[in-house]
Amino acid sequence: MAAAPPLSKAEYLKRYLSGADAGVDRGSESGRKRRKKRPKPGGAGGKGMRIVDDDVSWTAISTTKLEKEEEEDDGDLPVVAEFVDERPEEVKQMEAFRSSAKWKLLGGHNEDLPSNRHFRHDTPDSSPRRVRHGTPDPSPRKDRHDTPDPSPRRARHDTPDPSPLRGARHDSDTSPPRRIRHDSSDTSPPRRARHDSPDPSPPRRPQHNSSGASPRRVRHDSPDPSPPRRARHGSSDISSPRRVHNNSPDTSRRTLGSSDTQQLRRARHDSPDLAPNVTYSLPRTKSGKAPERASSKTSPHWKESGASHLSFPKNSKYEYDPDISPPRKKQAKSHFGDKKQLDSKGDCQKATDSDLSSPRHKQSPGHQDSDSDLSPPRNRPRHRSSDSDLSPPRRRQRTKSSDSDLSPPRRSQPPGKKAAHMYSGAKTGLVLTDIQREQQELKEQDQETMAFEAEFQYAETVFRDKSGRKRNLKLERLEQRRKAEKDSERDELYAQWGKGLAQSRQQQQNVEDAMKEMQKPLARYIDDEDLDRMLREQEREGDPMANFIKKNKAKENKNKKVRPRYSGPAPPPNRFNIWPGYRWDGVDRSNGFEQKRFARLASKKAVEELAYKWSVEDM
């Protein structure tokens, strides 16, 4: 077999690219064929030329080419920080649950899936049971989780459930088959659970089309901390799960078709909840028997009239009930209607600590059932109406002997007694003469007092001095005002004298001169009269005309009286700069205090100047 001619890289790439364009899916097969048909070096030994074929597989070429392209593109792309998933763990688990194919989701992919519908899973088979499609029931259904169910847990009933109200079905047996446990032979309908929480959706209506099954409702009191029990596969209880407190046969159950013609009891509303057919909690008995049946008060009177009444109770949605007022307090015929009742077995019926509902109004022993009925007494009307009377209970008139009225006692006058006093204060009835005279005297004294008060109500107050004479306040006020004025004038005069008359006059003259100068323009010229007069009157030393000026002044002031003034040598300075009298002979007769003061001021000023010069010496 002849050796295949060697291929150049360009031809090899051309063949490879044409093969890639023809079909990508056949790339692996062609690669294998090429590897099988790889040209072998011809001959053994050193004959001819040894060709080393740089055969690279198409996968390696494609990856290297893509890596090169990615490296080239990465230079143009912006740098992005690494994405860090900071979502909570619940959201991640929910996303993993939805994205995985292990679970079969029912309905829409919303987060409310666990609370939409619940199915019973009694076997390991995870396929859902048959769903009821008889009525558009979007409310949550309870499911049995006897096996480890990986589905999300159902929502509790003590949380607000926004599901709408169900309409009751009035057909005798037209509903689709119920969901029945596969390991149970119980034919009784599911019991209605009680929800004391603000759940707007009422519980499902039990269907009473089964023979010999009375409508039992299981109470779910919210104060009861015990969780609902789950029945097991091997449970001997073949009835649907109910919450009971005794294992003995329940003697309080009664079929509707029995000869007993008693009405179904109506439980009173503990709260103004108008949701139809919502049962309320009842007080438990001490003997451990728990009430198993309680009908809603909002439904009408349920009567037993034969087998035709075996259907479930009517829904108040379809029956007119005009009475939506708050619950009325029923009145008992006996004085002990509100006291605690003792049945024939001596069981004192009280509300236990776990049952926090308000106690019901107990009826008298005459209205209670037989000893076999261990359910708590219900509120009943005092007069049993006929079977045709379906009207709501009327408001009963209050009897005088009823102790059930919890309102406080009224303040009323005892019968046969009238008010002892009238509005004016006088006594009623026959009054003795002494009492009448005393009342008259008191009335006269009151009238005199009132007249005296009216007379001196606006009178002026009379003030007297120590001797008892009346004081004229107006004159006293005038005298005080005059005296104050005189004192103020004298104080001003003494203040003026204390400051000095000459100083005050000079100060006043200076103020006048300053006001006059303020009226003149800012620039004064040579032709200013005041300025020329002031310069002429000045005496200058060495002036040859000084004597002539003095003579002229003396002639001008000859007719004017001028006080003589000291004209000798300069006197020593004083604090007030006062000149001595014209008769002073020039001898200093002081103790030298003024001289010392001026010397002290001069030395202080010299020291300050020397200190300043020393501080700025180096500058």
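Easy rule for this one: first residue shown is 1, then count along the chain.
Cβ coordinates are placed from backbone N, Cα and C, and glycine is handled just like the others.
What Swiss-Prot annotates here:
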type	residues	note
COILED	433-520	coiled coil
COMPBIAS	109-128	compositional bias 'Basic and acidic residues'
COMPBIAS	139-160	compositional bias 'Basic and acidic residues'
COMPBIAS	246-264	compositional bias 'Polar residues'
COMPBIAS	289-306	compositional bias 'Basic and acidic residues'
COMPBIAS	335-353	compositional bias 'Basic and acidic residues'
COMPBIAS	404-415	compositional bias 'Low complexity'
CROSSLNK	K65	SUMO2 cross-link
MOD_RES	S139	phosphoserine
MOD_RES	T147	phosphothreonine
MOD_RES	S151	phosphoserine
MOD_RES	S172	phosphoserine
MOD_RES	S214	phosphoserine
MOD_RES	S226	phosphoserine
MOD_RES	S235	phosphoserine
MOD_RES	S236	phosphoserine
MOD_RES	S248	phosphoserine
MOD_RES	S258	phosphoserine
MOD_RES	S357	phosphoserine
MOD_RES	S567	phosphoserine
REGION	20-56	region 'Disordered'
REGION	106-429	region 'Disordered'
REGION	538-578	region 'Disordered'
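Residues 584, 586, 588, 590, 594-595, 597-598 of the same chain sit 6 or more residues outside the region 'Disordered' (538-578) yet have a Cβ under 8 Å from a Cβ within it. Each residue of the region 'Disordered' (538-578) gets a DSSP state, and the totals for helix, strand and coil are 11 helix, 0 strand, 30 coil. Note on the coiled coil (433-520): mean pLDDT across this stretch is 90.
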